[in-house]
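Take a look at the structure set out below.
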Amino acid sequence: MGSEGYSPLFETKAAKGRVLYRVFAASIFVGICLIWSYRVKFVAEGGGRWGWLGLFAAEIWFGFYWVITQAPRWNPIRRRTFKHKLSQRHEGEFPGVDIFVCTADPEMEPPAMAPISPTMLSWRPLNLQSTGYHSARSSTSSQGHLQLTLTSHTDHQSKEVDFIQTLYKDMENRLNYAVKLGRVPDEIQSSSKGFSQWESYASRKDHDTFLQIVIDGRDPKAKDVEGSVLPTLVYLAREKRPRYFHNFKAGAMNALLRVSSQISNGQIILNVDCDMYSNNSDAIRDALCFLMDEEKGHEIAYVQFPQLFDNITKNEIYASSLRVINEVELPGLDSFGGPLYIGTGCFHRRDVLCGKKYSKGYRNDWNSKDYRNSGDDVNELEEKSKHLASCSYEENTEWGKEMGLRYGCPVEDVITGLSIQSQGWKSVYYNPERGAFLGVAPTSLIQTLVPT
């Protein structure tokens, strides 16, 4: 308990095994010092001297590097959320949440292999009503048209399961056919107005903005067969031109930030990769426990969940589990102002991601009505939003510098997180007992060595 009448929505405790790790680290440091002492005391003679000195220099460097890496590992912490308190105090008043699902390339990330469609479907059961869905950045526009095929079905009965499997197989075949063909098939183009602009010319590196609101969450008819309200679903393929550098995922995320601000403008943004699916329906509520905490929430810019995978090989020969990062380094960084932003499975405050600096007098304003306030119909909203994803929109602006994800570095997520923290914000790492998001890890040497 903090101030009078305040009951925290989360707690922070020292991680178990901290003392044992410190003893282990101390023993390693003693070993490093003994090696250095040996090198100084017994210098090789003759022709082996230079080799000896080279080894000594390498050992000094790696020893120094090891000492530096102990800083984020020395004081790991664990956090626990109190979702029942969140429900008692804020049920029905949760902020809007926009979910960005980013795709890169239909060949490197085939829609049927990197499960873009199942990914979108997996977010449906998340335990929060006000959720927007946005998908970008691939130019394989058939994904946006087909990914909702299964939304309105359940799997409680065997006949329904068979029906779902049949529909999914049909969807998979059409996706694979579109990728193999290199364009949207004529029969699909004719069934959706959104594909009409692709009839002239289009390629992965040279095409207009393609934006379609597949489901309008404001429409009272937007319900599934059980009567549950469907969230807004938007497909975006930003404009690409050969003379404009597109800044990869950072550019796609920034285009999504701008377009979503016109359509749903959720105060919280969750971004995930296309090969990740929701594995914990309470993940959003967990994040909100940190962001909506009355005493400490106003300091937190983002909540980072670990990147987990469901296809780890038996012997982990490619170290895809990221166990040291997830279990040691990120919990350790969490005690020093917060973890790095790792590019996926992260809940951001929209205003912070758009450049808002922290101030001591800042307080949460989750009752703001500045989101989901557009009165335009779907067609008007699409047309008004397209220019926000154009190649020239960011010219002479602060996008990529002080606003949105930062440009100029292959690890745009890390420098974005560091930039946010340098503005006075803190971050939180949360690793629930049941993994929140699961993805697909490399299972071969080629996949491990060649980034996608």
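Placed from the backbone N, Cα and C atoms, the Cβ positions cover glycine too.
TrEMBL annotations:
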{"type": "TRANSMEM", "residues": "19-38", "note": "transmembrane segment"}
{"type": "TRANSMEM", "residues": "50-68", "note": "transmembrane segment"}
{"type": "BINDING", "residues": "Glu109", "note": "UDP-alpha-D-glucose binding site"}
{"type": "BINDING", "residues": "Lys249, Asp273", "note": "Mn(2+) binding site"}
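Within the chain carrying the transmembrane segment (50-68), a Cβ under 8 angstroms from the stretch's Cβ atoms is held by residues 28-29, 32, 35-36, 39-40, 43-44, all 6 or more beyond its ends. Here the transmembrane segment (19-38) has Cβ contacts under 8 Å with residues 56, 59-60, 63, 66-67, 70, 73-74, 76 of the same chain, all six or more residues outside its ends. The Cβ neighbour count for Asp273 (Mn(2+) binding site), using a 10 Å radius and every protein chain shown, is 22. The number of other CB atoms found within 10 A of the CB of Lys249 (Mn(2+) binding site), across every protein chain shown, is 21.
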